[in-house]
Amino acid sequence: MLGNLQADMSRQGVNTSQKGCCSACEKPIVGQVITALGKTWHPEHFTCAHCTQELGTRNFFERDGKPYCEPDYHNLFSPRCAYCNGPILDKCVTALEKTWHMEHFFCAQCGKQFGEEGFHEREGKPYCRDDYFDMFAPKCGACNRAIMENYISALNAQWHPDCFVCRDCKLPVQGKSFYAIEGKPVCPKCIGAEDEEEEEEED
């Protein structure tokens with residue numbers, strides 16, 4: 001009976017030659033055929049390996065020889081953003097052993113995106129330079145601003161070199177000797193000790 005049907009259809013100009021076997025059902029394909037992943041399929045059998053929706057002529061992705069619709073592929077296999085947990089479909093940042101959408105890699109304190117200056121890390125979170133030093137760097141004993149480079153350690157505190165000045169005359173504390181009054185350096189001259197030292201030297 002199938003032979004008669006094929007012959008009748010051929011006389012009417014309908015091509016009924018077999019176009020291969022369907023990779024899904026293993027039955028012959030006559031009529032429309034989809035060729036993908038090096039195999040042939042009935043259109044209704046070329047489906048997403050996850051949600052089983054027909055893929056037809058839509059975009060699809062392949063993983064381990066199986067076809068996936070675009071949404072399922074990204075949800076199942078794309079890297080996830082450490083900030084929003086959404087799949088990353090385009091460019092991404094890899095930092096702190098995580099992946100991020102470009103627009104979601106920003107300072108944990110102020111929300112500013114990082115530029116060429118990069119970022120600083122504390123407890124797994126990224127910070128811009130300004131916030132990192134404001135929040136975590138030692139503070140100067142005089143101006144209370146963050147110390148980012150060289151410093152002087154004295155009187156149980158750290159000081160910017162320019163801030164380590166005499167409490168009274170505001171001149172840099174020169175040499176190695178100074179006096180401490182109320183946690184601040186005072187030069188020997190302002191305390192009057194310099195005069196005493198000179199008198200001792202004269203005697």
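Don't overthink the numbers, they just go from 1 along the chain as shown.
Backbone N, Cα and C atoms are what each Cβ position is placed from, and that goes for glycine too.
Remember, TrEMBL labels are computer predictions, not curated facts.
Per-residue pLDDT, averaged across the domain 'LIM zinc-binding' (20-79), gives 89. The annotation domain 'LIM zinc-binding' is assigned in TrEMBL to 20-79 (among others).
Annotation comment: TrEMBL describes 80-137 (among others) as domain 'LIM zinc-binding'.
The domain 'LIM zinc-binding' (138-197): residue composition by secondary structure is 12 helix, 17 strand, 31 coil, according to DSSP. Under the heading domain 'LIM zinc-binding', TrEMBL lists 138-197 (among others).
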